[in-house]
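Per TrEMBL, the features are:
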type: BINDING; residues: 256, 279, 290, 370, 515, 520; note: substrate binding site
type: ACT_SITE; residues: 290; note: active site, nucleophile
């Protein structure tokens, strides 16, 4: 399998689950509606409601929960570590996201839905589509983006590249699911369709920059035409946009086969905010994958700085994941700033936050992969360079035999060694050198060293236990936990400087069912 090159720019502390607790009968509101634990101070006239203790406890729990989630980010990417975050229910998960989902200053969100009959498959009848709009209060030239390198990019990607190349000021992003608008059978491969939607949104919202100030983004079935008339009629209007809207709403609006929304946020030392949402479940192997990611911030950094930071952060996040090894035609990551945080930010502080958010969202995409029951983390070190290490790691996570064994909680270690050896063998003498003194571990257990396997009955049981520990319900509408199958490959005795970490998923019957029935 050919491993894609990195995405191109256009020309850990584990987290325990913390529940928000309130005294019995006390609501989040203050005043009379706060419940029977609210009391009046004696000796005072009027209705002076005191819920100080309950408010303090609620605020404390919210703070602890945010801090715990922030601290846990990144553990999924660290060899030998496990992220301890767990979620008891879909409600618990959504509440956790909502705590982070407040928009940065200068942003508004609007969502709508419609039904349409696809021209290419009228027998399917009415199908649903969601439209999501991210809008800034003012046009901004603080925009960065990376796109798929697929040779057949969709019309939204082509328009997006044009907007970025001409350095247009951007004020809105419009996203539709269900149809990706890739090479449909019309006059210009979908370009006019995407442009018409952008123009209609600009007119509806009275954007001074017109349609060129809108970035389009689409995800869904490849080859179908956009139902432009229905989309234009259903576009969110100015009255539908809200700055108080939670970003979770947008994260839900851009989903396709995703089982749950994906969101991550960071607060910066200067008071600024960075909030990211993403979608993606199948066709996941970046440059990027069938994935969309939108990063919103109010801190003010030069356009060039934002682009440099985004391009670098994508390499170690969205370009280091795979669900099925298939590269999509629609992948897009956009970072945009409203510039409304008046305090200056240290670029290094923003880069750290951006890296954490991108890595967290990338890990969520793998966990939410189509049919994913296990997330597999492959950490490779000792290679001659990072690219070789990445090639080995991606070969392992994309090996169908190894993926299938993991799905069955079967520690068939021969499939791991076979895939590592296959990749090294393709490198000739250099690969032979790195195969010397190769060490492989699963769940911290050494299973191969000095050219031979190290196995016994008890170790097999422990290995199987590790796989079961990392397993999750692949049909759950929320992530039950964020644990991983921990695979370590040390090449050449660890002497080489090259290293890489790649997250992938197992291969289940559910993945096959989803993709066999995707359009039906």
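Counting begins at 1 with the first residue displayed.
In case you wondered, yes, glycine gets a Cβ from its N, Cα and C as well.
Its Cβ placed at the centre, residue 256 (substrate binding site) has 19 other Cβ atoms within 10 Å. Cβ neighbours within 10 Å of residue 279 (substrate binding site), excluding its own Cβ and spanning all shown chains: 29. Within 10 Å of the Cβ of residue 515 (substrate binding site) there are 16 other Cβ atoms, across all protein chains.
A 10 Å cutoff on Cβ-Cβ distances gives residue 370 (substrate binding site) a total of 26 other Cβ atoms nearby, all chains included.
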